[in-house]
Amino acid sequence: MEDRSPTVFVVTFILGIVATVFVALRLLSKIWVVKRFTADDAFAVVAWLFATGVSVVVCAGAREGLGQPDAYILDEWKAPMKKAVYAFTVFYNPALMATKTSILILYVRMAAAHPFLRYASIATMVIVNLAGIVLTFLGLFQCRPISAAWSTDIDGQCIDVVSMYLASAPINILTDLAILCLPLPILTQLRMEIKQKCALVCTFIVGGFVAIVDVVRILYLQNALRESREWNAGVIITAATRPPNFSYHTSFSLMWSAVEVSVGLCCCCVLVLKPLVMRVMPGFLGRQARESRRALSISKAAERGSVSRAGEKDVPPAPALSITSILPEDEDGMDFFQMLGSGPTDPPTLPQPEPIRPAVSRHFDQQEATQTFFDFVNMKGKTPLTELTAREAWWPILFVSTLFFLWGFAYGLLGTLNAEIQALLNYSSSEAFALHNAYWIGYFLGPLLVGYWTLTRAGFKATFMAGLAIYSCGALSYWPSSVLKSYPGFFISNAIVALGLSVLENAANPFVALAGPGQLSESRLCFSQGIQGVGSVISSVVASRALFSGLSEDDLFRVQWCYLAVGLFVVALAVLFFYVPLSEASDDELEAMALQRLYNAGMDKGEKVYRMDARKVLLVSGVVLMATYVGAQESVSYFLGSISRGAYPSFDPANTALVGAGIFALGRFIASGLTYLFPPRHVLFGYIFGAFLSSLLAMVLPVGPAALAFLILLHFCESAIFPILFAMTLRGQGKHTKFAATAITMAISGGATWPSVVYAVDMSHMDNPRYSVRVTTALYGVAMLWPVWLSVSKTMRRRRGRNGRGDSGGDVAEYGV
């Protein structure tokens, strides 16, 4: 093994010097040029003090053997090296915390005109400081007694600091990405010269480099942890007990940690260097300084006299130009983030001298109105979601369907991973089932806590982005869970992922159902849900054949990178969603559409059924049926392995699940066409009846291929129930549509209720795995009553008409069916 200590020393030392230079330039810019020292500058200085401490202790450790194999480390080096490593654990987190706090305070201070940036920055700041304080104290008190962390003579009990740093890595990555992405929506709307925009973009690209450095640091931390587990899986890394060549394996981790701190500090300072650059090199960022000086000279000339023209007399003097906002001193004092507070800026406009002839006079207020009208005319508004034609709706539906694919992929990935982790970490059946229920608990909490509030106040796009952000956090939370092999960690990770996906589903399902002609809602939603099924199939194949096949403890490291890639992809998708124009639907527009449907059907708004409001009856019954359906589906899906072995033991249950997932997706695509041709309530009844019959035959037929065939056919029949039921329940809800979508999405948490009943039945009849299918059969038998009721009740049949004129899209004779 080569000696790493020279590399560690040189890289850390050079980056520490560079960071110091940037801090000095920042202070020069703020104190000499702007003559203003603010809270973000104070935190930058504090960050520099801690960053300097990090660089000094890493360099000192490198001088005392950090980075060398054990064979080359002298005994007298061990105590100083331990002290250096302990000092690093004390300085590292405060340095990151102060650096990020400085940037976020800058965001808050300069975002007076942008409430979202302000509040999001404050929220991120709270997370950064809470995590930083906790990790700082964990590093400070890593051993009992504390002196065992740096003393070679005291044998104390210590925590595994390498695991601690690796487990905290997702927080660093998420906050880095938040700091990088928060101002992007505003920055991209600024109008500035190409040089300025290039400088701004380059600044934030360098900011993204901090996240890349953090990923490299994680790689070396992971290698150090892997070495320790290969040495002795039962012994943790502590100050007193370390694997062979521990300093060699951790040296690059410490070096990249120091690089991360120094680069972050440089990015923190670059953001406020514009005043200094404009003072030293006025032309570097564009023509604004030259235009300001030109405006100033013209103004002074205008004040000294009048403008003379040949053949003209008594020309009134030009009005004095107010130059307060364009003086070079103020230009020097404006950094990039003062632009955020002041909004888009244009080159200064000089006032025109008033013409002599009144007939052709034009005043500035008239010109401003014309400009405003011009901007208004050229600002093309988005068509409301409820007014899109079938042709116009295809693009937004296809784009939003990427979200359906995403949660289908996540569902398949989580199902396979949970099964493998159960086997790897020897979880009991009850613990594994609790992990399954954690997912559905998230589905209940997501719409309740986040989905409805965001959807009603900010619209579909904001809800999509919120769901993606939460899902990204959940994906990255698997990192500490797998590092620590923590059951509570996996439980919470499942819940967070489901919470994010439920927020997505809270907006995506009604978006697709509402986008375009109302009579095609079921067809559109079946199509998009079919894409979700394709995502489940692909993730099942990838997970079972490549990622999690024969998962070992060492493979948990590979799983971490998978979820890191998923988390970063989801963040990029959220940014993409911000820039893609998507139509919205206000409560007034939804109410108008519902009233039009009632008018077409010749019905009143307060139409009653069983002396109750028909709309409310439909919503409550649809929510109950949704919880029943999802519970029945999950009762088969979770126990599919044992049921498959009971139906046909010689057939691999994994293949049963894979074929069933493919049939499931196919069934939704077929239903998309069927609901276009036939009344949706008839299609719904056919699928529910098929599920009832298939589950019954899969339960009662003798063991053999026939029982297995009906078990697979059950997946086909289950497939279209969800999208058809969702669209039918949502139709006609008017201004309550978003509340209805939230209630239906929360009902999906029935995937925890009925499988719990099946689990109890299964435990009491372990000799007959197919016995629990009776619960599923009974649930589908009850569910058949709903479409029958819609057909029998004239009021509900007319209300469910896809145009308000019957399910067939305008056939009044439909009422008599």
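Using N, Cα and C of the backbone, Cβ positions are placed for all residues, glycine too.
Note that this is a predicted model, so its numbers are computed, not measured.
The transmembrane segment feature in TrEMBL is assigned to 6-29, 41-63, 83-107, 119-141, 161-186, 434-455, 462-480, 560-580, 617-636, 656-677, 684-701, 739-761 (among others). The annotation domain 'Rhodopsin' is assigned in TrEMBL to 25-278.
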With the greatest number of Cβ pairs under 8 Å to the transmembrane segment (560-580), the stretch among 6-29, 119-141, 434-455, 462-480, 656-677 is 462-480
Have the transmembrane segment (161-186) and the transmembrane segment (617-636) got at least three CB pairs under 8 Å, pairs 6 or more apart in sequence? no
Same-chain residues at least 6 beyond the ends of the transmembrane segment (617-636) with a Cβ under 8 Å from one of its Cβ atoms are 440, 609-610, 643, 691, 695, 711, 714, 718, 721-722, 725-726, 728-729, 732-733, 736, 740, 743-744, 746-755, 757-758, 772-773, 775-776, 779-780, 782-783, 786, 789, 796, 799-800
I'd like to know if the transmembrane segment (434-455) touches the transmembrane segment (462-480) in this structure, counting it as a touch only when three or more C-beta pairs sit under 8 Å and are separated by 6 or more positions.
yes
If one takes Cβ-Cβ under 8 Å and requires six or more residues beyond its ends, the residues near the transmembrane segment (656-677) are 412, 520, 522-524, 526-527, 529-530, 532-534, 536-537, 540-541, 544, 640-641, 644, 683, 687, 708, 711-720, 723-724
If one takes Cβ-Cβ under 8 Å and requires six or more residues beyond its ends, the residues near the transmembrane segment (684-701) are 632, 636, 643, 647, 667, 671, 707-708, 710-711, 713-714, 716-721, 724-725, 728, 770-771, 773-774, 776-777, 780-781, 783-784, 786-788, 791
The predicted model's mean pLDDT over the domain 'Rhodopsin' (25-278) is 82
